[in-house]
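K.L.:
One structure follows; several queries about it will come next.
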Amino acid sequence: RSAQEMKHMENISSLFQGSSPGEYQRSDPKSEREAVAAPGEQPWEMIMDKKHFKLWRRPIEGTHLYQYRVFGSYTDVTPRQFFNVQLDTEYRKKWDSLVIKLDVIERDLATGSEVIHWVTHFPYPMYSRDYVYVRRYSVDKENNLMVLVSRAVEHPSVPEDPEYVRVRTYESQMVIRPHKTFDENGFDYLLTYSDNPQTVFPRYCVSWMVSSGMPDFLEKLHTAALKAKKMEIEVRDYMSAKPMESGGSEGKASMAAAEHKSDGTCSPAQLEYA
């Protein structure tokens, strides 16, 4: 579904794309809002329009929450670097000052799915939040696409801690489309995100936090990818570490094969607060 949403955004991107990848121009807000939503979907409201990305939101029916969507582009880092930096939990502990804790709790060799426990600072005077979520990623070389999806789960080895507020509703999907190849600079990305941080603040306050936090997080992620590239910081290559690249009927067979490998897994990290 994430890949289909990316395709939809690419199909309608002529509404707001300039003459070259990563170059955007302003267009009629109403036509753009209607186009960004797939047929039959609730329309999106644009809340930020920058040179390298656009940010939309829309209400989640039956709640006081919003779903957010970012469509943007980078031209100075490769898709592989950007992807790996998101997934490498150990490196994220170094570049993301909001991280209090970030650990892989469980890993499934057959699918590459991982359960992550993530504790993060929230703006004062709020308590820190903790997330337990499962993530899975896929690199589709045939269609030149990378996908990383995460959603909140419960896990018996991570009970609630009274020190933190547990976030039980959380979903994130990141799709990366290289302009050329996985190892050449330049790609477009689509991030769709929602969570319920369980604050007592009004919705507009939470919306402001997320809409300012998301671009800030993406810029930190971009800077970390650039730093890893320039300083040749060792970041795990998840494209080659993954035991398999697609699910389906191969799952059980590859599970048996993966158990015979000394290092047959992927690893952790994630994408969030925005």
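Cβ from N, Cα, C; glycine included.
As annotated in TrEMBL:
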- 1-10: compositional bias 'Basic and acidic residues' (COMPBIAS)
- 1-39: region 'Disordered' (REGION)
- 11-22: compositional bias 'Polar residues' (COMPBIAS)
- 25-35: compositional bias 'Basic and acidic residues' (COMPBIAS)
- 41-230: domain 'START' (DOMAIN)
- 242-274: region 'Disordered' (REGION)
K.L.:
For the compositional bias 'Basic and acidic residues' (1-10), give me same-chain residues lying six or more residues beyond its boundaries with a C-beta closer than 8 angstroms to one of its C-beta atoms, as numbers and ranges.
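P.N.:
Same-chain residues near the compositional bias 'Basic and acidic residues' (1-10) but 6 or more away: 36, 38, 71, 140, 143, 145, 147, 149, 173-175, 177, 188, 190, 192.
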K.L.:
Can you count helix, strand and coil residues in the compositional bias 'Basic and acidic residues' (1-10) using DSSP?
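P.N.:
Residue counts in helix, strand and coil order: 9 helix, 0 strand, 1 coil.
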K.L.:
Report the mean pLDDT of the predicted model across the domain 'START' (41-230), rounded to a whole number.
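P.N.:
The average pLDDT of the model in the domain 'START' (41-230) works out to 90.
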